[in-house]
C-alpha cells in the first residue's frame, strides 16, 4: 500500500515527539541566543552521473535550510524491515540504521534530560524564593550568579536536544517515499510497458534528424546559441517559434478543457522549496542552477513553484481536488549528460514546458494518476505520434515518487525512443515537507491551522508533463518530414499556429 496520510501505514506521518519534550522546547527555546541551525540534506530525484555540474557558488549563510519535514520516526522504527527493503529496491543511499540509532538516542536523552530538567527547575525556584527575602548585597549577588548558572545549564540541555533532533531530521529526510507494490523492482531496463500506441512510420526515403531539418528549414540555430550561451542552448526561428507558442497554447487549452486552472509561475524559487519538493539543489550531481550569494534557484520544472502555492496551509476539503496546468521556462544543468543520445534539442539547459499538478485526498491519488497518464496519452495520440507508456522501475523513481509512468515516443531521425513526458504520484511525500493539509468538513482554507479545529490530513500531490516543447519539436519534425525536406504541421496544432500547414524552405 502507498503512503497514506495520518495512518499507521505512513512512515512520514506528522513529526510527533513526546509531549514532555514539546513542553520543554516551547518553554525554553526563547532563551537560546543562537540555536543550532538545521542542516537539511534533501533527497534528489536526479540520477545523473558523477561529474560536477556548472552550478553557481553560494555563501555559507544561504546554505542553511530552516525547515523540518513531518516524519513519524516511530513508524519507521516499527516498520524498519519494509523501509529497509524499499531503500534497497530504490538503490537509495539513505542510512536507515543511523536514523534508528539517532531516534533511540533521542528517546534515551529525553528520559535522562527530563529528570535533570525537573531537578534544575526545582533548584531555580528555591533560588527565586530566597531572592524575595531581605539579603545582604553579597549574598544577593551570589544567588543571582547561582540562578544564572542554572539558567545556562537549562539552555545547554535544550541545545543538546535540538542538536540531536536536527541530526535525526537531517538523516531521516534522506529516506525516500515508499513504493507502489505493482512497480517493477530494479533498474530502468526492468520497467514494463503498460501501453503501445500506433506504429513507427515507414519512410520511403532517406530521413533526416531534427538537427539537420532545423538547419535546412532555417528554424533552429544551434551554432549561434553555442557561441552566445554555450553548448546545449539553441535559437528557435521562423516557424519553430510559432510551433513552440502553438504547442504551449494547445496543451494549456486541452488541460483547461479537463478542469485544470492555468498558471504561469515564478522561475526563481527559494532553495528550501526545491528541497521540500524532493530535489537536491546543491548536491554533487544536482540538476539545479543556484544563484550566487542567495538562497534562490532557477526552477527545473513548474512542479516546484506550483507545489509551493499552498505551503503551510490547511485547505478546505470542498476545494479538493485542486488541478493546475502551469507554463514556465525550465533550467537544468544536465550534469553527466553527453553523447549522441543527447543530440540537438533532446537534452538542453533551458526549455519551455507545460506541467499539470494535482492536490487531492489520499484515497483519490491512484485514480488521478491514471487520469493524468490518460490525458498525456490522449494528447500525444491526437498528434499522431507512436509511443510506449512505461511503468517505471524502482531504481528510476525519484525520491518523492510512489509510482511513475513515462511516455517514450519514437524519434525516427535519432533512431530510438525518447522520453517526452512522465506522470508521478508523490502521495504525501511533498505535502509533509511543504505543510499542505486539509481538514475534512472545513469549508474555507486557513494558514497554519488558524481558525480551525479537528484532525487534519496531508493532501496527496501528483505531477505530469503535458508538453515539454523541445522534445515535442523533435517528434514533430522527425515524424512529419516529407521526401522534399518539408515538414507537415499536424492538424490539431494548426489553429494555434495561424493556420500553418507546412514548414517549407526559405530558399530553394
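Each Cβ is built from the backbone N, Cα and C atoms, and glycine gets one as well.
Please treat TrEMBL annotations as automatic predictions, because they have not gone through curation.
According to TrEMBL, the L-serine binding site annotation covers 301, 332, 355, 463. What TrEMBL lists as ATP binding site is 332, 333, 334, 348, 349, 350, 351, 419, 420, 421, 422. Among the features that TrEMBL reports, coiled coil is placed at 140-174. Summarising the annotation, TrEMBL assigns domain 'Aminoacyl-transfer RNA synthetases class-II family profile' to 257-490. Annotation comment: TrEMBL describes 465 as site 'Important for serine binding'.
Comparing Cβ neighbour counts within 10 Å across the binding-site residues 334, 355, the minimum falls on 334. The recorded positions shown are 301, 355, 463, 465; of these, the one with its CA atom nearest the CA of residue 334 (ATP binding site) is 301. Considering only the residues assigned to ATP binding, 332, 333, 334, 348, 349, 350, 351, 419, 420, 421, 422, the longest pairwise Cα distance works out to 19 Å. Residue 301 (L-serine binding site) has a Cβ environment of 24 other Cβ atoms inside 10 Å. Candidates 351, 420, 422 (binding-site residues) were compared with residue 463 (L-serine binding site); those inside 10 Å Cα-Cα are 422. Among the recorded positions 349, 420, 465, the ones whose Cα sits within 10 Å of the Cα of residue 355 (L-serine binding site) are 465, in sequence order. The binding-site residues considered are 332, 349; of these, 349 has the fewest other C-beta atoms within 10 angstroms of its C-beta. Annotation: 332 are the recorded positions among 301, 332, 465 whose CA atoms are within 10 angstroms of the CA of residue 349 (ATP binding site). Comparing CA positions across the recorded positions 351, 420, 422, 465, the one lying closest to residue 332 (L-serine binding site) turns out to be 351. Listed in sequence order, 392, 404, 405, 406, 407, 464, 465 are the same-chain residues six or more apart from residue 422 (ATP binding site) with CB atoms under 8 A from its CB. Residue density at residue 420 (ATP binding site): 24 other Cβ atoms are found within 10 A of its Cβ, drawing on all protein chains shown.
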